[in-house]
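Notes follow once the structure below has been shown.
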Amino acid sequence: MRLPSKRLQEEDSSSEDDREMEHEELTPEEEEEEEEENNYEDVPGKDAEMEELEKEYMELQNKEQDLLKNLRSHKDEDLLKGQAVKNQKALWDKTLEFRFLLQKAFSSSNRLPQEPDRSSFCDSDEGVNVAYSDLITSSKKTLDSLLELQEALLDKNPSITQATNGNPGQSSKGLETSKNLDVKGDEEWQQIYQMHSRIAPFRDKSIDKWQRKTEVSTGAAAIKGKLRAFNQNISEQVAAYMRDPSRMIKQMQLRRSTVGIFGAVPDDVGSSREEEVHADGDPELLDDSEFYQQLLKEFFETFDPNSSETAFYALQRLKTKKRKIVDRRASKSRKIRYHVHEKIVNFMAPQPMNLPPMAPKLFDNLFGLKTSHQPASAV
C-alpha cells in the first residue's frame with residue numbers, strides 16, 4: 001500500500017517540475033503574447049475594436065492635458081492682469097492725492113504779484129527775490145521729475161511705441177507744432193507737447209476699445225445707433241471740441257476783481273482800465289475748479305456713491321461767484337456819470353443839387369411818356 005502512494009507522489013512532483021521548467025523558459029512578454037493570441041483566437045475582430053478604444057482614450061487624454069494647460073496659462077495671465085490693474089490703481093490713487101494737495105497751492109498762485117509789481121517787490125526786499133528764485137527752481141525740478149517718470153512708464157509699455165509708429169501723421173503734426181514754439185522760454189512746454197504727442201495715439205485707441213466693450217456689455221450700442229449726436233467715438237468728440245478751445249479757456253480765466261492780487265490796488269484808475277481790457281478774464285489768472293470738482297466727485301464715488309452728491313453740492317455752494325465789473329464809488333452821486341460820444345465822421349455842410357436840363361427828356365424817353373411841349377410841325 002505504501003509503494004503506490006510513493007509513486008504517485010513522485011509522478012506529481014515530476015509533473016510540477018516540468019510545469020515549472022515550462023514557466024521558467026517563457027518570459028513575461030511571451031506569456032502576454034500567448035494570452036493575446038489565445039484571446040484573439042477566441043474572439044474574432046476584437047483587435048480593431050481595441051485599437052479604436054485606445055485611440056479614443058488617447059484623444060481624450062490629450063484633450064484633458066490641453067485643457068489643463070490652458071487653465072494654467074489663463075490662471076497665470078489673470079494673475080498678471082490683476083497685478084497690473086493693482087499697480088495702475090495704486091499709481092492713479094497716488095496721482096490723485098498729489099493733485100488734491102496741489103489744488104490749494106494752485107489757487108493761491110493766482111494772488112502772486114504780476115509785472116511790474118513783482119519787480120518792485122523783488123527790488124525792495126532781497127528775501128522776496130530769493131524766495132521767487134527758489135520757487136522757480138523747485139518748480140522746474142518737479143516738472144523734470146514728472147517728465148522723467150512719464151518717460152520711464154512709456155518705455156516700459158511697448159504698445160505705446162507701436163501705436164505711435166502706426167500713426168505717423170499724428171507724430172509729424174506734433175513735431176511741426178513743437179518746432180513752432182519759442183525755444184527760449186518754452187523748452188518745458190516743448191517737452192510736454194512731445195510727450196503728449198507720443199501718448200495720444202495709444203490713449204485714443206485704448207479709450208475707443210474700452211468704449212466699444214462697455215457698449216456691447218451694457219447694450220448701449222443699439223441706443224447709440226439711433227442718436228447721431230452720440231454716433232462717434234470719445235476721441236473724435238474730444239478732438240472736435242478741442243478744435244476751438246477759446247470758449248473753454250475763457251471760462252477758466254478769472255477777472256482781477258475776484259482775486260486779491262498782492263500789490264494791486266482795486267480802486268485806482270489803472271486797474272479799472274485793465275478790467276475794461278480784460279473784461280472776459282485775465283489770461284494770467286486761471287481757475288480749474290470744475291475739473292477739480294469732477295475728480296473729487298469720482299474719488300468719492302469709489303468709496304461711497306451716495307456721499308459724492310452731497311460733496312458735489314457742497315463744493316458748488318463754496319464756489320466763488322464772478323462779480324460784474326461795477327464802479328462802486330459812483331453810487332449816491334459821488335461821481336459824475338457821463339458818456340463820451342464818438343467823433344463825427346464825414347460831416348459836411350449841405351450843397352444844392354441842380355438837375356441838368358436834359359434830365360426830363362431822358363426820363364420821358366426811358367418810360368415812353370410824351371412831353372407836354374411838342375413842336376407845331378409835329379401836329
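Any Cβ shown, glycine's included, is placed from N, Cα and C.
What TrEMBL says about a protein is an automatic prediction, not a curated fact.
The feature compositional bias 'Acidic residues' is assigned by TrEMBL to 27-40.
Sequence annotations record features per position, and here TrEMBL assigns compositional bias 'Polar residues' to 158-178.
According to TrEMBL, the feature domain 'AATF leucine zipper-containing' maps to 78-213.
Marked as domain 'Apoptosis-antagonizing transcription factor C-terminal' by TrEMBL: 292-367. For the domain 'Apoptosis-antagonizing transcription factor C-terminal' (292-367), the mean pLDDT of the prediction comes to 74.
Residues or ranges marked as region 'Disordered' in TrEMBL: 1-53 (among others).
What TrEMBL records for 158-179 (among others) is region 'Disordered'.
Under DSSP, residues within the domain 'AATF leucine zipper-containing' (78-213) fall into helix, strand and coil as 117 helix, 0 strand, 19 coil.
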